[in-house]
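*Asks:* One structure, pasted below without further comment.
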Amino acid sequence: MSPVSAIPLAYKLCLPRSLISSSRELNPLHITIPNLGMCRRGKSMAPASMSMILTAAVSDDDRVQRRRGNYHSNLWDDDFIQSLSTPYGEPSYRESAERLKGEIKKMFRSMSKEDEELITPLNDLIQRLWMVDSVERLGIDRHFKNEIKSALDYVYSYWNEKGIGCGRDSVVADLNSTALGFRTLRLHGYNVSSEVLKVFEDQNGQFACSPSKTEGEIRSALNLYRASLIAFPGEKVMEDAEIFSSRYLKEAVQKIPDCSLSQEIAYALEYGWHTNMPRLEARNYMDVFGHPSSPWLKKNKTQYMDGEKLLELAKLEFNIFHSLQQEELQYISRWWKDSGLPKLAFSRHRHVEYYTLGSCIATDPKHRAFRLGFVKTCHLNTVLDDIYDTFGTMDEIELFTEAVRRWDPSETESLPDYMKGVYMVLYEALTEMAQEAEKTQGRDTLNYARKAWEIYLDSYIQEAKWIASGYLPTFQEYFENGKISSAYRAAALTPILTLDVPLPEYILKGIDFPSRFNDLASSFLRLRGDTRCYKADRARGEEASCISCYMKDNPGSTEEDALNHINSMINEIIKELNWELLRPDSNIPMPARKHAFDITRALHHLYKYRDGFSVATKETKSLVSRMVLEPVTL
């Protein structure tokens, strides 16, 4: 099974009439078969006690028994989606937002004009860092790119290997200013070394936070924790910082009352960096920022920025984008319904969930093509996943793979009707996405994308062959093929090509296959997906996973041993992904790198607690409601 799942960028695509309305429509025939297993990832047969729901594909001259995943149906009725409405698309809200943007830009500019009461040589660094950190976490930073750069250039001009204090004339460096400065500067591409944190570490791995846990020391530990998650490979001090700060914060949050700081800590410990998403963080930080105990809304001589204006703009921006989300979601729901894909009852239909992820990644309104392309790509991947892993026969999936390789709709007569429809959806989707990409790239990228999908489908064929032969591969065999079948490349490539940044092929290969970035992202999704799905898969008779293959290679090892090994691999991959995102010698435009990186974060979020895609009735349903369906209260 692929941890990513997908469908393309077409609107008026319909499955063949024979599938939708004729007497040859697939009719489900529920049969209990005790000796057959459902295999989605290249698994062996189930034990004799395994019960299975099969669907018989009935035609005049053919009767094929087919396996079904028995997934729950789509949770979001099209009538409900089309009924959504919001007032936040009205011009008056945009006018208010524009006014606030101007006022906040004045706040940034005023920081360069020192005020004896508000901005002094003893607080000028931390004031700038607070301001930048706040607009970024509130999700409004895209409006202040120049102001952010100016503020960080100023901070960096006073940066040194012994850390910084609150201001340029501070006599002693402090952990809070240094940790926040290090994190912010590193994320913006400045050359800062993690060695600066050693200034605050003793020989026992303890950092400069006393056991008394005052509010100031707790905030220092929080910023140390946030900084530690942006680690590169080999940075021992970052490992020490994460261990110390996470333990310190877990103890502290038990002792302090419910307040903005406790909420901030709880969120940081829960989602960290690699299961976080820009829009999710913005929604949470509005609650933290606007809490009655929040220091950001208190007007005093040490707090320069007008927190109320920042919060007001953040809420307006969230709701204005929310109105755009509803329009796009209504389009996606119509597209899904009109395509005929709902007739494929055997497949998972998670277009709404995928739209939620896509809009949590790409929060700039102008990136509509990315959001819609991501949804369609991911949904099509899901349909193909369910065809190749459960519903389709070996003969059918080989025919389909060959049809994709030929790329000619006139040569699909050998396909069963349901596959003809899916093929046409794929064909039209990739064609339309290539047309969208041509607007930004200035060249035809269709053949490039097609090759990526051919390789992806070949990986499914390999897994199907393992199923048919009952072969349990070695860890390395499974992992190398599984990186491709994770579908990261298929899901990420075409949406990224629609971004408004030039990606000539020689640069594109630095983020696409066979780049280190692509290999790491695909590895990450395969490993994380397997750790969340292997028990449910095994219960359905699907044996092959990173866990089972590791245990095969290491006789006598336990599931716990395998999970420890895989989680260790994931931790190292995360650090390498950080480096690939932030490395100073990269020639890949940061918007492309960041969106590719955020796709891994979004999908990691989906697998944080469970397979949140196959089981979308719990945390994923709540995410949809909070991120897409519900505005914030102004």
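Each residue, glycine too, has its Cβ placed from N, Cα and C.
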*Asks:* Quick check on the annotation: Swiss-Prot has D385, D389, R526, G529 binding (2E)-geranyl diphosphate, so which of R334, R348, R443, R489 does it put in that site too?
*Replies:* R348
*Asks:* Quick one: give me the count of other CB atoms within 10 A of the CB of D537 (Mg(2+) 3 binding site).
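*Replies:* Neighbour count, Cβ to Cβ under the 10 Å cut-off: 25.
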*Asks:* Spatially, which candidate from the binding-site residues R348, D385, D389 is nearest to D537 (Mg(2+) 3 binding site), comparing Cα atoms?
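*Replies:* Out of the listed candidates, the nearest Cα belongs to D389.
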*Asks:* Over the span of the motif 'DDXXD motif' (385-389), how high is the average pLDDT in this prediction?
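*Replies:* Summarising the motif 'DDXXD motif' (385-389) by its mean pLDDT gives 89.
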*Asks:* Hey, does DSSP put R348 ((2E)-geranyl diphosphate binding site) in a helix, a strand, or just coil?
*Replies:* coil
*Asks:* Count the residues of the motif 'DDXXD motif' (385-389) that DSSP assigns to helix (H, G, I), to strand (E, B) and to coil, and report the three numbers in that order.
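*Replies:* For the motif 'DDXXD motif' (385-389), the helix, strand and coil counts are 5 helix, 0 strand, 0 coil.
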